[in-house]
Amino acid sequence: MKDSSKENILIQKAIEAMENSYSPYSNFPVGAALLTEEGEIFTGANVENASFGLTVCAERSAIVSAVSRGRRNFRTIAITSKRDKPTSPCGMCRQFMAEFGDFEVILVGKESVVRTTVFELLPMHFELEE
Ligand SMILES: O=c1ccn([C@H]2C[C@H](O)[C@@H](CO)O2)c(=O)[nH]1
Ligand SMILES: [Zn+2]
């Protein structure tokens, strides 16, 4: 299968994941689809809370889902919202993704797409080891 059609499948999975977003406070659904080195896809959506600060973003939902199933090696994450412009991950999600290395990040808006990587989004992420 061509790389571009694999990418389209990943983006489609992220769009589908947005349907499960629980975002009654912001009305801002976000979806994420994470491709593992093994070729599987794990998805996530943002989950909000009446105590706003407890909100879990779509990116972290997808990573928690994959890691909970024993997958830790990631190739690509696609992130979607309903906006025209791509949605860029928050600082917490950047650090959370960086824990698992430098994989590709595709930010998808209705009118444009940005391709980047975890380390490009977060240079000098925090690590315990010196
Ligand atoms: O990259 C992002 C940016 C925002 N959100 C969520 C958090 C909150 O539920 C809503 C508005 O900030 O969007 C994500 O899930 N991922
Ligand atoms: Zn986030």
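Including glycine, each Cβ sits where the backbone N, Cα and C put it.
Quantities reported herein were computed from a predicted structural model and do not represent experimental measurements.
The Cβ of E59 (active site, proton donor) has 25 other Cβ atoms within 10 Å, all protein chains considered. Marked as active site, proton donor by TrEMBL: E59.
Residues or ranges marked as Zn(2+) binding site in TrEMBL: C57, C90, C93. In three-state terms derived from DSSP, C57 (Zn(2+) binding site) belongs to neither a helical nor a strand segment and is classed as coil.
In terms of DSSP helix, strand and coil, the domain 'CMP/dCMP-type deaminase' (5-129) has 40 helix, 31 strand, 54 coil. As annotated by TrEMBL, domain 'CMP/dCMP-type deaminase' applies to 5-129.
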Could you pull the average pLDDT for the domain 'CMP/dCMP-type deaminase' (5-129)?
97
Which of C57, C90, C93, the listed binding-site residues, has fewest other Cβ atoms within 10 Å:
C90
Pop the Cα-Cα gap between C93 (Zn(2+) binding site) and E59 (active site, proton donor) into the table, whole Å please.
6
Given the recorded Zn(2+) site (C57, C90, C93), which additional residues of the same chain have their Cβ within 8 Å of the Cβ centre, ordered by sequence?
A58, E59, R60, P89, G91, M92, R94, F96
